[in-house]
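Single-structure report; data block below.
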């Protein structure tokens with residue numbers, strides 16, 4: 001099963017194929033998208049029209065308007081396909097449906113949805129008159145043009161005047177349609193995250209906490225041993241599990257860290273560092289739960305050892321760019337992002353003494369900062385590939401406020417958008433649960 005990233009990538013490749021007029025490749029890429037949206041069926045229909053196959057285009061536009069019954073531009077293009085098949089009555093019906101979906105608006109701007117096209121009401125009426133001309137209904141065609149002219153479309157008065165003159169002379173009209181080469185494009189905010197990162201030759205292992213690791217540099221190992229750091233198997237436990245090509249939340253690290261860390265090793269002498277290590281009160285157990293999805297480019301046939309090395313380098317990069325969060329004492333659900341150095345130092349000062357230690361979470365969000373966290377009030381099932389689904393009580397990291405109604409967030413290694421009305425700020429959810437108590441059932 002392809003991931004969201006793979007589907008967006010195929011969508012983008014299909015758009016590029018349309019731009020170079022490679023119709024077969026475009027259809028192949030658009031057809032590879034799992035559970036296609038109405039926009040994807042629309043794209044297929046446009047490609048079939050450009051390739052000169054109106055019959056296949058008609059089937060694709062049928063699926064598009066079935067998926068989205070309010071898709072005015074879909075009805076417009078289906079009318080164009082029927083017109084090319086000389087089904088003029090069906091074309092008139094489709095243009096009427098397109099006009100109905102305009103809902104008395106003069107224009108629908110599809111640019112914000114990824115299609116560089118503005119559907120004008122006068123164009124739909126013009127096409128309706130054109131189909132009526134082909135059906136021999138010249139009087140109806142003239143009346144339709146009168147209705148189009150009455151809307152006083154900006155910049156189209158001359159076109160409609162010429163069209164009226166042609167109809168009076170019983171000269172057929174040419175159709176208006178979506179310009180050649182224009183199809184729905186994927187959301188721009190996803191495109192910048194498509195390219196996998198090349199980790200070959202860029203990451204270096206400067207130190208290791210793995211016992212008997214022969215890859216660490218001798219000088220660094222001797223410094224660590226002299227400072228009293230003797231990593232053992234109990235200090236580092238890594239469990240890596242994969243499902244469906246994605247790294248699932250299965251990477252856990254338990255290690256010892258200073259409660260109030262001072263300067264780095266290069267700024268502290270080995271003697272003072274060793275003294276600090278021997279003081280048990282200066283140490284606290286930190287458990288880090290990591291969630292990563294790692295994209296890799298590897299040569300076909302790469303050996304297991306080489307692949308594990310590349311994966312280790314990729315994980316090293318992810319830990320450097322991932323979002324750290326901590327679980328406050330007594331909190332079972334809420335993870336609070338650590339966004340600044342001051343935040344971390346405040347956490348060190350408030351870590352309680354005891355075996356519980358400090359619980360951290362590191363999530364791969366491609367280096368994007370977490371604005372705040374929200375908690376789901378209801379279940380939300382993804383309706384489209386770009387959506388993020390969750391269940392009631394799940395905590396979601398908010399990465400971006402898309403608009404007044406939608407947020408972009410991250411949960412369990414997945415990034416997507418979701419309705420703002422399904423979530424509340426983490427603190428508000430906790431307060432509501434304390435006041436109201438658990439609520440039976442949920443809402444989809």
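Residue numbering: from 1, along the chain as shown.
Glycine residues also receive a Cβ, built from the backbone N, Cα and C atoms like all the rest.
Annotated features, as they stand in Swiss-Prot:
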REGION    1-223  region 'Mediates interaction with RAC1'
REPEAT    7-38  repeat 'TPR 1'
REPEAT    39-71  repeat 'TPR 2'
REPEAT    73-105  repeat 'TPR 3'
REPEAT    122-155  repeat 'TPR 4'
REGION    215-280  region 'Disordered'
COMPBIAS  230-246  compositional bias 'Polar residues'
COMPBIAS  258-274  compositional bias 'Low complexity'
DOMAIN    285-365  domain 'PB1'
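As a summary of secondary structure, the repeat 'TPR 4' (122-155) carries 26 helix, 0 strand, 8 coil according to DSSP. Secondary structure counts, DSSP: the repeat 'TPR 3' (73-105) has 26 helix, 0 strand, 7 coil. Taken through DSSP, the repeat 'TPR 1' (7-38) splits into 23 helix, 0 strand, 9 coil.
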